[in-house]
Amino acid sequence: ALIEERSAVTVCGYPLSIFFIVVNEFCERFSYYGMRAVLVLYFKYFLKWDDDFATTIYHTFVALCYLTPILGAIIADSWLGKFKTIIYLSIVYAAGQIVLAVSAIHDITDTNKDGVPDNMTFHVMPSVYEKQRSTFFSIFYLSINAGSLLSTIITPILRAQQCGIHTKQQCYPLAFGVPAALMVVALIVFIVGSGMYNKTAPQGNILVKVCKCVGFAIKNRFRHRDSRFPKREHWMDWAEEKYDKLLIAQVKMVLKVLFLFIPLPMFWALFDQQGSRWTLQATTMDGNFGVFVVQPDQMQTVNPILILVLVPVMDSIVYPLISKCNLNFSPLKRMTVGMFLAALAFVAAALVQLQIDVSLFKYYVNLNVPALFTLPISSDLFVLIFRVKFMILDEATSQTCVYEQTLKFGSSFTLLIPPTLTLGQMCQGIVEVTDINPNSVHMAWLIPQYFLITAGEVVFSVTGLEFSYSQAPSNMKAVLQAGWLLTVAVGNIIVLIVAEAATLPDQWAEYILFASLLILVCIIFAIMAYFYTYIDPVQIEAQFSQPEDEKKRKSLEMTKKDSIEKRKHSDSNSLYQTKM
């Protein structure tokens, strides 16, 4: 009674419990996307992993993030219930974030105080779980987008700060610590509102039920593989011995949609490289926009910003115009266009990479200068422009001079100090050799590829889910959601396989490889879509529910008829006994 009374409280027309869930989701999304935004840079510049290995581990993590919700849903529906599952896995989630933040403190294992961790085994990325999320309220979507957008802007700024006890480095502990703190806040907020939630007991998971039905059909078909057994219209019909025809019909509809999901992982293989390859690409570019400087990992914010712009544009302008032109732009055709746009995005990324490779060409100059010693200096930590000062001391005469050098984004120089150096205020005589030119390709050139990939996402992802739900029964949405998450996970697995297996010498060639693979998959998907027949799940379900109703009606009629016959027989016997 207390729970019902508290749940009845509303704020601005919404149940009070909604606001606890919204705050929880905002903090959780901030935590996840904030950590994910700087993850690949943490791997490369803190753990000193190469680009391929950093990309592999990053996409392994993302793949697990999309696989574990399926496991979480099964645990929630079959064992613990949704509330307890969210609480327990959130504790694991928060613990993982805290461990990651603490392990990013380089002073912990930097015993020789040189700024490099001596024991890399401690700095290991823990596995975390990502909660299953409801999709019923628009305000809920707003909290997700707001959390991800703000975190992608703020976390790279925190990462760019200098912190440390012995040596000052980029502050990964702060970049990971803030998301970890917000995940703890998300957990506390969710627990505080526990009395207002409608907690239902586990009633079994539909995904498990569907898998059992499919498994029984396959097993039963294998048992009756002999030619003397009559064939059935569909292989799922071999489950009729154990499961009712309505469930079998629903599974058939779901399998028909899941079959179309087979080519989809290739799209996600390209899409999720925004956080890995494209972020690494941005580290080799000039982020000075005049008024402000964009960090490489902040370029990921272009995607959510463009989503907020393109979704209403597509729904209000593009799709209505296509409809007025009497063009049949069906959902599957939209998805095909989305895949093609993603492929074009990687072609654009390859073109930008070619320009970057030219601007980063290394050259060496032999000056034949007898040097007392050489001093290599470089700017590889995303600092746009800064000045460094070197004090040179002649121990014999105690004379000193200060040499100033301006380092630009991505540049590398070697200073040759000859024995004939004239000590004075300007340190005249030092020869500056450019090893790597400053980055000359501007980050603004990344915007076209982000625009193409985001347009592809809007056309592909939103349409894909809408199509899936329209072609399957309402009670099977969880199965389709699991299938959709599985395509994202498999897409990330494809990236890590290519990153490890491909032996392409140039990054632009890898971009072209991914674009070519997606074009090939796009053609296959277009052929599959051409032969797909749209269905109405409600009508199909009605065909199986009507016979049941008819059967019940006939059963009632037979019962009534038997009752009348018995009554007549009884009356006849009574009359016979009276006459006797």
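Counting begins at 1 with the first residue displayed.
Keep in mind that glycine also has a Cβ here, set from the backbone N, Cα and C atoms.
TrEMBL annotations: computationally assigned, not manually curated.
Positions annotated as transmembrane segment by TrEMBL: 6-23 (among others).
Sequence annotations record features per position, and here TrEMBL assigns transmembrane segment to 30-47 (among others). Through the fold, the transmembrane segment (30-47) approaches residues 53-55, 57-58, 61-62, 65, 93, 97, 100, 104, 106, 117, 120, 123, 125, 130, 147-148, 150-152, 154-156, 159, 169-170, 172, 175-176, 178-180, 182-183, 186, 275-276, 279-280, 283, 296-298, 300, 381 of its own chain, all at least 6 residues removed from its boundaries and within a Cβ separation under 8 Å.
As annotated by TrEMBL, transmembrane segment applies to 53-74 (among others). Counting same-chain residues at least six beyond the ends of the transmembrane segment (53-74), those with a Cβ under 8 angstroms from any Cβ of the stretch are 32, 36, 39-40, 43-44, 47, 85, 89, 125, 127-132, 205, 207-208, 272-273, 275-277, 280, 478, 482, 485-486, 488-490, 492-493, 495-496, 499-500.
Residues annotated as transmembrane segment in TrEMBL: 86-105 (among others).
The feature transmembrane segment is assigned by TrEMBL to 135-159 (among others).
Taken from TrEMBL, the feature transmembrane segment covers 171-192 (among others).
The transmembrane segment annotation in TrEMBL covers 253-271 (among others).
As annotated by TrEMBL, transmembrane segment applies to 305-323 (among others).
Look at TrEMBL and you will find 335-356 (among others) tagged as transmembrane segment. Residues of the same chain lying 6 or more positions beyond the ends of the transmembrane segment (335-356) and with a Cβ under 8 Å from any Cβ of it are 266-267, 270-271, 277-278, 281, 284-285, 439, 441, 445-446, 448-450, 452-453, 455-461, 463-464, 467, 506-509, 511-512, 514-516, 518-519, 521-522, 525-526, 529.
Sequence annotations record features per position, and here TrEMBL assigns transmembrane segment to 368-386 (among others).
According to TrEMBL, the feature transmembrane segment maps to 478-499 (among others). A Cβ distance under 8 Å defines the sequence-distant neighbours of the transmembrane segment (478-499), meaning residues of its chain 6+ beyond its ends; these are 52, 55-56, 59-60, 62-64, 66-67, 69-70, 73, 205-207, 210, 254, 257-258, 261, 264-273, 276, 464-465, 468-469, 472, 510, 513-514.
Taken from TrEMBL, the feature transmembrane segment applies to 511-535 (among others).
Summarising the annotation, TrEMBL assigns region 'Disordered' to 546-580.
Summarising the annotation, TrEMBL assigns compositional bias 'Basic and acidic residues' to 548-571.
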Fill in the blank from the handout: Counting only residues at least 6 beyond its ends, the same-chain positions whose CB falls under 8 A of a CB in the transmembrane segment (511-535) are 253, 256, 259-260, 263-264, 266-267, 269-270, 273, 277, 330, 332-333, 335-336, 339-340, 342-344, 346-347, 349-350, 353, 471, 498, 502, 504
